[in-house]
Every structure is written in C-alpha cells, then in structure tokens.
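Undergrad: Quick one: structure below, then a few questions.
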Amino acid sequence: MELDPLLLSRLQFAFVVCFHAIFPVFTIGLATFIAFLEMLAFRTGNPAWSRLSQFWIQVFAVAFAMGVVSGIVMSFQFGTNWSNFSYAAANFIGPLLSYEVVTAFFLEAAFLGVLLFGRNKVPPGMHLFAACMVALGTFISSFWILAANSWMHTPEGTELVDGIFGVTSWGQAIFNPSFPYRFTHMVLASFLTGSFVVAGVSAWYLLTGREVDANRRALSMCLWLILIGAPAQAVIGDFHGLNTMEHQPIKIAAMEGNWETTRGMPLLLFAIPDQEAERNHMEVGIPRLGSLILTHDWDGEVLGLKEVAPEERPPVWIVFWAFRIMVGIGMLMIGCALVGLLLRRGGRYWQQPVFLNVLRLMAFTPFVAVLCGWVVTEVGRFPWVVYGQMSHSEGLTPSLTGGMVLFTLIGYVLVYAVIFSAGIYYLMRVLRAGIESIDWPEEVHDIERPKRPLSASHVSIEEGGHGHARH
Amino acid sequence: MHGIDLTIIWAIIIAFGIMMYVLMDGFDLGVGILFPFAPDEDARDVMMNSVAPVWDGNETWLILGGAGLLAAFPLVYSVLLPALYIGVFLMLAGLIFRGVAFEFRFKAERSRNLWNWAFAGGSMVAAFAQGAVVGAYIEGFNTVDGRYVGGPLDWLSPFTVLTGLGLVAGYALLGSTWLVLKTEGYIQQWVRRLAPWLLLVVLGVFAAVSVWTPLVDPSAFERWFSVIRLIWVFPVLALLSAWLVWRGVRRQHHATPFMATMAMFAFTYFGLLVTKWPYVVPPNYTLWDAASAPGSQLFLLIGVLFVIPVILAYTAWTYWVFRGKVRAGEGYH
C-alpha cells in the first residue's frame with residue numbers, strides 16, 4: 001500500500017493539536033476561576049476562598065506546564081509538514097503566531113511567578129492583580145491563535161499574488177468574519193470546561209466528606225457559572241452556525257448530513273451517511289426543524305453536499321457525528337445546570353449523591369465536546385487549508401514521503417504517550433491529595449520559577465513519597 | 001523603507017536569538033550530557049540544581065527563533081524545516097523528554113533513575129540533532145523555486161555526523177565549565193579533570209570542520225582564502241578563547257573557563273555567519289530573497305522590540321538571584 005503523506009500529515013497535525021488543545025482549553029477557564037476566587041478572598045477575607053485558590057493554582061500550574069510543552073511542537077509543525085502553506089501565508093500567520101509567543105512570554109515572566117509563588121511575598125492587592133493579568137494573558141494568547149485559525153476559514157484582508165498572501169488590511173484580516181463567533185464560542189467553551197472540572201472534583205470531595213465548606217462554595221460558584229454559560233453557549237453556537245452557513249455552506253451540509261439542496265430540511269437525530277452512495281441510511285429526524293434552526297424559517301433553503309464535486313466534500317460521517325456528540329454534551333450541560341438550580345432549594349445541590357456522581361462523570365465531557373467541535377470545523381472545511389484559496393494538497397510540504405510522516409507520527413504518539421501519561425498521572429495525584437495538601441509542611445524546597453510552573457506543586461509523583469501522609 | 005532596512009534589523013534579531021539559544025541552552029544541555037558520568041547521585045542533584053532556575057527561560061529563545069523565522073524569513077522556515085524533518089523531530093522529542101524528566105525527577109524517589117536516563121538521553125539527542133543541523137546548513141540545501149527537493153536523510157552525512165558529535169562535545173564543555181563555576185569540592189574536581197579533554201575533542205572537530213568546510217562549499221573557500229581579510233580575526237579569537245579556557249582550568253579559576261568557553265562559541269558562530277553571509281538558505285537564497293513583506297516585518301518588530309528587553313531583564317534577574325555556588329544537600333532538595 002502506498003502511504004499518503006497528505007493524509008498522514010493531516011492525522012499528525014490533528015493528533016498533536018488535539019493533545020495540545022486539551023490543556024489550554026482547561027487553563028483558560030481555570031485562570032478566570034482563580035481570578036474570581038482571588039477577588040472573593042480579597043473582598044470578604046474568608047479563608048475558604050484563598051484555600052480554594054491555593055489548591056487550584058497548583059492544578060493550574062501542572063496543566064499550564066503541559067500546555068507549554070505540547071505547544072513547542074506546534075510551532076514547528078507548520079514548517080515541517082505544511083511548508084508551502086507556511087511560505088504562502090507567512091506574511092499574516094507569522095506575526096500572529098509570534099505575537100502569541102511574545103504575549104505568553106510576557107505573561108509568564110511578569111505575572112505567573114507572582115501568582116504561583118508570591119502569595120506571602122507581595123501585598124494581597126498585587127497578588128489579585130497578577131491573577132487577573134494571568135487570566136487576561138491566556139485570553140490574549142488565544143486571541144492570536146484563533147485570529148490566525150479563523151482567517152484560514154474566512155480569509156479576508158489579504159490578497160493572493162503570485163502564490164503569496166499579502167496583507168492589505170491587518171484589521172480586516174485579524175477581525176475576519178468568523179473570528180468574533182469562533183473566539184466567543186471558544187472562550188465560553190473554556191469557561192465551561194474549567195467550571196465542569198472544578199465542579200466534578202468538588203463533587204468528588206463532597207461525596208467523601210472532604211473540606212466540605214470550601215468545596216461546597218466552589219461547587220455553588222461553578223453551578224452558577226454553568227447556569228449562565230451553558231445556555232449562552234447554545235445561543236453563540238447558533239450564531240456561529242449561521243456565520244458558517246454564510247461562508248462555508250458545504251460544512252453545514254456535512255454537519256446536517258444534507259445531500260440535496262432542499263427547502264424545509266429535517267433535523268436529523270440519527271443517520272449513517274454514505275459517502276459513496278451520496279445518501280444516508282437509517283435516517284431519524286424531525287421534519288423541517290433543520291431549516292428553522294439554520295434559516296429561522298420553516299421553509300428556508302439549505303444547500304446540499306451535491307452542490308460541489310465529490311472530491312470537494314468533507315468525510316460526512318465524521319463531521320455529522322462529531323457535531324452530534326458536541327451538541328449532545330451541550331444539552332447534558334444545560335440539563336445539569338437546571339437540575340443544579342432546582343436542587344438549590346434546601347441546599348441539596350451539595351448533598352444529593354446521585355447529582356454529585358453525575359457531576360463527577362461530567363468533568364470529562366467538556367474535553368470531548370471541545371475536541372469534537374474542532375473536528376467539525378477543521379474536517380468540515382475539507383479540502384481547503386485557506387478556505388477557497390489554497391487546498392490541503394497545495395499547502396503540503398512537497399518533499400514529504402509517506403514513510404517520513406509515518407515515522408514522526410508514531411514518534412509523536414510515543415513521546416506524548418510517555419510524557420502525558422506521566423503528566424496526567426501526576427495531575428491525578430495532585431487532585432487526590434486535595435485541598436488538604438496545602439497544609440502539608442513544605443519539606444521540598446524546589447527552586448520556584450515562573451517559567452517552571454510545575455515547581456508550584458509539592459506533591460510527590462509516587463505513593464507516599466517525601467513522607468507525606470496520605471489522607 | 002525610509003532608509004532603514006527592516007530585513008537587516010530582523011537578521012540581527014534572529015542571529016542574536018540563535019546565539020543566545022546556543023550559549024544558554026548549550027550549557028544546560030551540556031549538564032544533561034555529562035549526567036551519566038557524574039561521580040554519584042549527590043553530584044547529580046547538585047548538577048540539576050545548578051541549572052534548575054534557568055533552563056526553562058533558555059528555551060524561550062528557541063521558540064521565539066522558530067516563530068520569528070516564520071514571520072520575518074518565511075523562506076528559511078519553509079525550506080529548513082522540511083529539509084531537516086527527521087532531525088527536527090529528534091530534537092523536539094529530546095527537548096520534551098529532558099524538560100519533563102527535569103520536573104519529575106524532583107518529585108520522584110524510586111523512579112528517579114528512569115528520569116535520570118530520560119534527562120541524559122534527551123539532552124544528547126537534542127544536542128546531536130542541533131549539531132547536525134549546523135553541518136547541513138554549511139553543506140547547503142537542494143532547492144528548486146524556493147522549495148526543498150532533497151531526500152529525507154540528506155541532512156545526515158559524514159560531515160553532519162562530525163558536526164553533530166562536535167556540538168555534543170561542545171555543549172559538554174560548556175556544561176563542564178558551567179559546573180566549574182557553580183560547584184566546589186569533589187564535583188568541581190571531577191569537571192576540572194574532564195574539561196581539558198572535552199576542549200581537546202572540540203578543537204579537533206573545530207580543525208576538521210575548518211578544513212572540511214572549504215571542500216564541501218567552494219564559496220567558503222573563496223571567502224576565506226582568496227585574500228586574507230579581517231574575518232580571520234574570528235578564528236584567531238576563538239583559538240585565543242580556547243587557550244584561556246585551558247589556562248583558566250589549569251590555574252583553578254572559577255569563572256574564566258565558562259566565560260572563555262562562551263566567547264569561543266560566539267567567535268566560532270561569527271565565523272560561520274561571515275562564511276555564509278548574505279546567504280540564509282545556502283547556496284541559493286540571500287536574506288532579501290527570504291524576507292517576508294516589509295509590513296509584516298514591521299508589525300512584529302514593534303512587539304519584539306518591546307519584549308526582548310523584558311526577556312533580557314528577566315534572564316539577568318534570574319541569574320542574579322541564583323548566583324553563587326550550589327552545595328550538596330543544601331536547601332533545594
């Protein structure tokens with residue numbers, strides 16, 4: 001069998017970027033949560049808030065370090081596998097990615113150190129300020145990345161001359177048509193991810209009766225955030241979808257499994273799309289609801305996949321099902337938020353064991369939803385790397401062979417498997433140690449540096465290491 | 001552009017960034033390379049603690065260099081990375097392994113040996129890959145119309161293996177003289193014995209590369225031997241620095257060997273730059289061929305001119321805070 005460097009490169013990029021995305025999506029939300037906690041601690045003086053903040057800062061440090069490590073690989077992927085794209089788009093993509101590096105560095109050097117290690121060394125107001133700046137910094141970082149990514153979906157403010165994109169308007173290129181929707185959708189996704197992880201972990205502690213006062217507060221706060229965030233995400237998602245329909249109608253057709261251009265399109269709940277036969281099997285749908293959602297009109301016209309040649313259609317089943325998983329998880333989130341609201345009467349939200357167990361399991365779902373969302377948008381733009389202007393095959397490194405990419409793909413899988421199982425294992429140990437661990441005597445005097453965020457945590461990687469009693 | 005050539009400014013920024021990277025990550029990679037040969041586990045603790053506060057900031061230069069190349073010299077980025085595909089992967093894998101090993105070794109007791117090996121192995125692989133990249137750069141790249149058209153292993157030749165091993169020895173030398181500066185007692189005695197041998201190996205590779213380069217690259221021959229020029233000052237200064245390293249180690253100085261090793265690296269680097277100037281993708285493309293649009297260079301320049309002083313200040317502050325000797329069993333772990 002001939003190994004296809006294009007397919008393997010796409011797989012490699014998807015693998016590396018998915019592994020990377022898990023961490024920033026969590027840390028962006030968590031950074032804001034920590035800033036909230038710091039603000040509450042500052043204003044009320046209640047030690048429960050600062051205990052919570054101290055604990056979650058440790059978790060933040062580990063996840064942040066993992067994000068940085070996996071990000072290093074990203075900055076080289078563009079050149080190694082997509083050199084034609086890099087060369088053509090460098091005038092725009094280059095400065096944006098560099099600004100992300102610059103922002104991240106500035107954030108780490110100036111504020112992360114104060115947040116991680118400065119609690120007893122700077123005035124409380126300055127510590128709060130550092131927490132806010134770290135949160136702001138994570139947003140600015142994602143601003144640059146999402147601006148670059150959105151431009152690849154809806155390229156504007158640039159002109160393709162002799163195979164090279166020149167920037168005609170930085171404003172138009174950065175604030176391109178899909179950017180505001182994608183950015184808001186992603187920021188809300190980060191909030192929800194942070195909230196569900198904190199809620200799930202707090203629920204787990206509450207089930208075992210650990211640090212009840214602090215964890216009850218954390219859970220309550222997260223449930224309020226989810227109550228606002230989850231429905232808002234559905235609304236933003238709808239706007240994002242309408243924007244996609246305007247600029248990338250074929251992606252919408254794949255998301256809906258819609259082959260023919262029709263009026264009054266049904267909303268499919270279940271189907272098995274068949275790329276070869278150009279139809280779906282075993283369709284279950286609600287009549288006309290699809291048209292209503294997409295065009296806000298029962299009889300609105302929706303373009304079908306057959307509008308473009310078969311080789312310009314994305315793999316439908318991937319986009320179709322990834323979209324359904326994402327939306328399904330979103331619905332579950334809204335459900336959790338409403339049940340949480342009902343259980344507030346009589347304070348049952350932190351005592352009801354079934355609800356707490358559901359929240360514990362829900363902690364993993366935001367990551368699945370985020371990755372599925374990215375699969376929808378990235379697979380859905382097939383076959384374009386810069387939508388309508390440069391295809392994947394045009395963007396690929398011409399000298400690549402299938403064997404080379406297979407070698408590095410296996411290599412990255414192995415490296416990430418080793419490194420991240422260690423990282424996640426360690427993260428689990430920090431979570432298991434719990435809030436109580438901030439009272440442990442600091443026998444380990446690490447060299448605490450902002451650019452070494454992992455030094456913020458003093459939990460041993462092994463059972464019973466450093467003589468810390470397990471609780 | 002108003003009489004200012006942004007391309008030249010960017011060339012200086014990137015060249016400076018690469019030099020900072022080589023000098024700073026060089027010594028901490030070197031400490032990793034020396035790791036398996038340390039006299040005992042206490043010595044390894046001290047070695048690691050000597051670089052712990054600074055190694056992280058050192059790699060900032062690598063990321064900034066990668067992103068800066070894409071923004072300012074996209075042709076370099078889009079030819080070198082495909083040409084060095086496998087080498088870049090090995091380097092990244094090595095750097096990730098050693099970075100994570102570094103963090104987890106501090107938090108481990110029983111699995112410590114495993115992290116020791118990951119740290120040493122990662123450092124060696126990364127150093128070798130970087131050295132091979134330098135060799136491949138000297139040899140030049142096979143391009144047509146600004147695209148790399150060579151094979152996946154063109155970067156691996158007898159010449160690049162030599163430069164790869166040379167840089168492993170060079171980083172080990174930087175690491176050993178760094179440890180002369182930062183340690184005392186039996187650890188310092190160990191690296192003092194080691195440094196002259198490493199210096200000898202480095203000088204051997206230096207001589208071989210200097211003879212070999214004009215043979216693989218005719219334009220280098222032209223540049224160095226057609227007329228005797230001012231550029232001969234660089235190899236002379238590099239050799240003078242090497243002598244200072246040797247003398248510093250012999251006379252039991254603490255700081256001179258490290259300073260002189262850094263100078264030796266810097267002068268060798270300048271020598272390499274003038275050999276290739278103004279070509280950035282040898283043998284075909286100059287700085288100006290490889291540059292991005294002036295608007296893009298300017299857009300990023302604003303941010304970079306703001307952040308480079310911050311990076312330098314942060315770096316200087318870190319080294320200042322952690323100045324002085326690192327002692328066994330003291331404080332850190």
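Each Cβ is built from the backbone N, Cα and C atoms, and glycine gets one as well.
Pasting the feature list from TrEMBL:
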- A:12-34: transmembrane segment (TRANSMEM)
- A:55-76: transmembrane segment (TRANSMEM)
- A:96-116: transmembrane segment (TRANSMEM)
- A:128-147: transmembrane segment (TRANSMEM)
- A:186-206: transmembrane segment (TRANSMEM)
- A:218-236: transmembrane segment (TRANSMEM)
- A:318-342: transmembrane segment (TRANSMEM)
- A:354-376: transmembrane segment (TRANSMEM)
- A:404-427: transmembrane segment (TRANSMEM)
Undergrad: Counting only residues 6+ away from its ends, which parts of the chain sit with a Cβ under 8 Å from the transmembrane segment (A:12-34)?
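TA: Residues 53, 56-57, 59-60, 63-64, 66-67, 70-71, 73-74, 77, 81-82, 115, 131, 134-135, 137-139, 141-142, 186-187, 189-195, 197-198, 221-222, 225, 366-367, 370-371, 374-375, 378, 405, 408-409, 412-413, 416, 420 contact the transmembrane segment (A:12-34) from elsewhere in the chain.
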Undergrad: What residues elsewhere in the chain lie close to the transmembrane segment (A:55-76), defined as a C-beta under 8 angstroms and at least 6 residues from its ends?
TA: 16-17, 19-20, 23-24, 26-27, 30-31, 33-34, 37, 97, 101, 104, 112, 115-116, 198, 412, 416, 419-420, 423, 426-427, 430-431, 434-435, 437-438, 452-457, 459
Undergrad: Taking the transmembrane segment (A:186-206) as the reference, which of A:128-147, A:318-342, A:354-376 gives the largest number of Cβ pairs under 8 angstroms?
TA: A:354-376
Undergrad: Residue list, the transmembrane segment (A:128-147) vs rest of chain: Cβ under 8 Å, 6 or more residues beyond ends.
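TA: Result: 24, 27-28, 31-32, 34-35, 38-39, 42, 53, 96-97, 99-100, 103-104, 106-107, 110-112, 114-115, 118, 122, 174-176, 179, 182-183, 186-187, 190.
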